[in-house]
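In what follows, a single structure is set out as structure tokens and then discussed.
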Amino acid sequence: MTIPLRFGYKASSEQFGPNELLDFGVLAEEMGFDSVFLSDHLQPWMHDGGHAPNALPWLGALGARTERVIIGTSVLTPTFRYHPGVIAQVFATLGVMYPGRVVLGVGTGEALNEVTLGLEWPEAPERFQRLKEAITIINELWAGERVTYEGTYYSVKDATIYDRPEQKVPIYIGASGPAATRLAGRIAEGYITTSGKDPELYTEKLLPALDDGLSKAGRTRDDVDTLMEVKVSYHPDHDTALEKTRFWAPLALTAEEKMSVHDPIEMQRLANELPIERAASRFIVSTDPDEHVERIARYVDLGFRHLVFHDPGHDQEQFLRMYGEEILPRLRKRFA
């Protein structure tokens with residue numbers, strides 16, 4: 001199969017409450033976006049002004065208020081707060097209600113969302129193995145009438161998902177390193193990563209790992225949706241476009257700086273110490289729509305087929321209208 005080129009909207013659940021965020025998701029469909037994704041956080045990156053609506057009821061509400069857009073998580077962790085069997089049931093239900101429109105995006109998680117509940121936070125190798133096992137359980141529950149599974153970390157006994165969609169809900173794996181990227185190539189229907197990092201990370205590590213996983217599974221890039229979350233900040237005034245990124249400064253922290261942080265107040269303290277130039281380093285910051293198009297196009301040229309745009313500002317309606325009217329038509333014309 002050939003993967004179509006799609007352009008989506010990242011709904012900032014760490015920045016907006018559920019009702020306002022829902023209106024943005026509906027507007028994204030009206031403005032011509034192809035998909036709406038959100039993360040599933042128990043706590044936001046920033047304490048002051050932060051939000052953290054749960055993704056699961058929100059996706060159901062968004063599906064009911066839209067007709068066309070793909071809806072999904074980017075990403076959800078099915079290994080600590082949730083048992084994988086519960087996630088299998090939830091997304092099977094969503095798949096029945098909104099056939100062909102639902103994506104389950106999963107990742108290994110962050111301490112921010114797990115430790116506060118008294119849950120353990122193991123080292124990266126165990127988190128990776130937990131994710132593999134969770135995906136196995138979810139797929140078996142979706143495929144089988146009666147499932148018993150005894151794994152290292154999870155088990156199910158005589159389990160049945162009674163309401164399953166005719167069309168399987170695709171699983172996308174979010175990854176920022178080669179191991180999880182390779183796993184996406186081997187077993188997933190989609191791969192998610194984020195923009196604004198060293199270009200060599202994509203060309204020398206991540207995409208070769210994806211291709212290696214695909215090759216081991218006898219697949220090609222045409223068999224997997226490659227999704228890039230593209231961080232963008234547009235405003236006619238450059239200083240304003242730059243300052244908009246301040247709320248999302250935690251994205252500029254390294255994995256070593258933030259992975260073990262479980263408190264939004266501490267995360268905010270670390271982020272506030274960053275100069276604005278570093279806070280903005282993950283974003284395409286520009287006052288020129290043509291520059292946005294040129295810099296976004298580089299990710300298409302790398303082979304990504306699904307670009308999901310995340311704007312850091314508080315005026316999401318302005319962003320959605322500007323991107324829908326100015327950027328998406330230019331991108332579609334360029335890659336027609």
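In case you wondered, yes, glycine gets a Cβ from its N, Cα and C as well.
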According to Swiss-Prot, Asp40, Thr108, Gly109, Asn113, Ser176, Gly177, Ala179, Ala180 bind coenzyme F420-(gamma-Glu)n, and the residue from Thr2, Thr77, Thr148 that belongs to that same site is Thr77
Of Glu110, Asn113, Lys197, Lys258, the recorded positions lying within 10 angstroms (C-alpha) of His41 (active site, proton donor) are Glu110, Asn113
Rounded Cα distance, in Å, between Lys258 (substrate binding site) and Glu110 (active site, proton acceptor) is 9
Near substrate: residues not in Thr194, Lys197, Lys258, Arg282 with Cβ within 8 Å of the site Cβ centroid are Ser176, Gly196, Lys231, Leu251, Ala252
